[in-house]
Amino acid sequence: MKSDFKFSNLLGTVYRQGNITFSDDGKQLLSPVGNRVSVFDLINNKSFTFEYEHRKNIAAIDLNKQGTLLISIDEDGRAILVNFKARNVLHHFNFKEKCSAVKFSPDGRLFALASGRFLQIWKTPDVNKDRQFAPFVRHRVHAGHFQDITSLTWSQDSRFILTTSKDLSAKIWSVDSEEKNLAATTFNGHRDYVMGAFFSHDQEKIYTVSKDGAVFVWEFTKRPSDDDDNESEDDDKQEEVDISKYSWRITKKHFFYANQAKVKCVTFHPATRLLAVGFTSGEFRLYDLPDFTLIQQLSMGQNPVNTVSVNQTGEWLAFGSSKLGQLLVYEWQSESYILKQQGHFDSTNSLAYSPDGSRVVTASEDGKIKVWDITSGFCLATFEEHTSSVTAVQFAKRGQVMFSSSLDGTVRAWDLIRYRNFRTFTGTERIQFNCLAVDPSGEVVCAGSLDNFDIHVWSVQTGQLLDALSGHEGPVSCLSFSQENSVLASASWDKTIRIWSIFGRSQQVEPIEVYSDVLALSMRPDGKEVAVSTLKGQISIFNIEDAKQVGNIDCRKDIISGRFNQDRFTAKNSERSKFFTTIHYSFDGMAIVAGGNNNSICLYDVPNEVLLKRFIVSRNMALNGTLEFLNSKKMTEAGSLDLIDDAGENSDLEDRIDNSLPGSQRGGDLSTRKMRPEVRVTSVQFSPTANAFAAASTEGLLIYSTNDTILFDPFDLDVDVTPHSTVEALREKQFLNALVMAFRLNEEYLINKVYEAIPIKEIPLVASNIPAIYLPRILKFIGDFAIESQHIEFNLIWIKALLSASGGYINEHKYLFSTAMRSIQRFIVRVAKEVVNTTTDNKYTYRFLVSTDGSMEDGAADDDEVLLKDDADEDNEENEENDVVMESDDEEGWIGFNGKDNKLPLSNENDSSDEEENEKELP
């Protein structure tokens, strides 16, 4: 069993807070998801999440124009600089103050950030002559605003910066001190916070947008004075312009009139003159400036639009809403959605892998069920029929049907081909179901209740209630069917485990006593053992046949449990969450993964009863329970100061409003407290492919995998990738480097030279170390090159080595390799056909050679029989259908891969049989 699992992706959350941004090519969208950053590839339909984590939720992110450096800053002002291509953290830095915005300059030399009421300009880390990576170097600090800065914008020539602030003003700043006279301007006149300020495409105008819906157009014009009439025409023709006589003045004023809705976010695309505005009502509008013509007006819902971004060409607009976790990419010219995703509003309760491991289903407290694609990371479908919290989900064996249980008293069956609810199961009375199990045949579904402690059994075909299994004296916590003999195992809070024979005649069940309440249960895939997690923090393993305990794992010391804000004692002395609430067997039965209401996921080796690896769920200090020690400065006799609700001190009215119902605090907590989400893991499950497992947590759906799917080009940032250096690497027998550099340069003659120069004995080693990003191009090259090449064996060795080393990755990413694999298939078909034709054309020559040898007369008779049989089969070859159709190929004698080949052997009958088997195995 592999134990080298690493974090690979985060599903279930697409946007949390902060700004979103496009890459320079417009193909990728970067979105902050809590304390991580997710990247959505809008062209290739896939996504990934960076492995690094912040200590708090991310407040601002930006990507430089070259697409190589990503900077992200959290709520406390701690920044992380990341190599975007390699996904490696390069530098940590603390700005020691909250940052509301960060932007790279268009030329990439500098980046500016809004730190409180100060504008800081820093030099972008770069590679100097000595090739040493330099840390952050501050270039300039500008002070002038009286309140916090809300946004900043660079000019296209990277000389000036526009900032907006809560002091109802905007300012223009120069990067260099020589031009400070040109930029010493303050834009006043707005009556509310200025949300954005932008340069026009020719930089002759400046647009400022305020929160109350006012748009001012500023132009750099000459000041009116009494001396203007006395100026001569010669003075007007002077080349030198006296800048002191010019100033920025308001030439036009426009208003949105959004029915009391405030402007929440705004962006402007200078090339297309497109202004995109998001409002607190969930509405967003598109305007054409400077005419202020309304182009489109749409809505995302009733929640505020928190951020908006536009790509480089101005065709796509991205909107984010943090209330429901919505992310939207809209193409305004065609009025169509490029991406429309939404995460779970509430915490996730359960997850289930599809039998092929390509999809995963999550169930949430909000009553919704979402189907996620593992490869792309996108949500495929959402089911909203449940009216209460969904407690469990599970697939049928074939993966086309899914079942779910809910606290609304129903168990529903879902068709994942038509995406509809085709069956609803209910009990004789209204009860709540909290666990679910499906028979391997898919004919019976069982659910355990919280109210009457019974296990209800339904027929999937008829939808009728078949039986109610009683015997438990407490709520049924977990159910599981055996995959071999359809035995049902149930666990309960009454400290017992019961093994039920659903299809047997006898329903007498002897309970297996456990020393504590059973919280979770998992049955080994072979159905011989069952593992349970108890309230005492132990995982006990029982043999099903003789009901004896065969193993016990003490997990209390392996669990990482932090201190909560409302705790009066330390985490070390706390009994909170010192147990696992969900466990799952690996498919070989050698390992168990476990999680609970704590900050750890543990992987155990079952035979040796030891901990293999422990994973930290989240390092986000904004979650309750991630810290082992609390800040003593905030601890008082009444509790932690973090519990005090300071929402009434917010500047925005919508943030100060108390949304609690009148009288809802009666009999409860009479003081206003601020509650933070708790870190927890509600469900874990291994993937059927055995190379990954998923965990449903507070942060979302965490995917841990053993596959290194990072597509990093190691030569992308190297300036020495030249044809000369490629030939030099080949001469020094650095075959892998030479091959990758040749594909990096994309010179056909160079690729051919390097490819043919690699020795046959080195091919397996080179093929096993090729970066995954180059696999489609190399396979496509071999498929096209081999058709015209005479090196048949050489090309086949390359194909075998590549498929052996990367077959799993190719199978998981079929959409990337479809073209390349068709080219290779065409080459293999032609080779096989040529071999068969050569054998057929030479069979009479072989017969003549055999007949001249007197010592082989007996064998010749046998050969004649083979030839006669072969000739008889030739008449039937025309009626056989081939799986692969070759273009412009009319030669006879080829019978396809599915045909039976009875051709004459070249040496003896044994070799012939071997060749027949090999030809049948050809794909």
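Glycine too: its Cβ is placed from the backbone N, Cα and C atoms.
The region 'Disordered' annotation in Swiss-Prot covers 653-674, 869-923. What Swiss-Prot lists as repeat 'WD 2' is 53-93. Under the heading repeat 'WD 4', Swiss-Prot lists 144-183. The repeat 'WD 6' annotation in Swiss-Prot covers 258-297. The repeat 'WD 14' annotation in Swiss-Prot covers 676-714.
Across all of the repeat 'WD 2' (53-93), the predicted model scores a mean pLDDT of 92.
With DSSP states grouped into helix (H, G, I), strand (E, B) and coil, the repeat 'WD 2' (53-93) comes out at 0 helix, 24 strand, 17 coil. DSSP labels the residues of the repeat 'WD 6' (258-297) in these numbers: 0 helix, 24 strand, 16 coil. Secondary structure counts, DSSP: the repeat 'WD 4' (144-183) has 3 helix, 17 strand, 20 coil.
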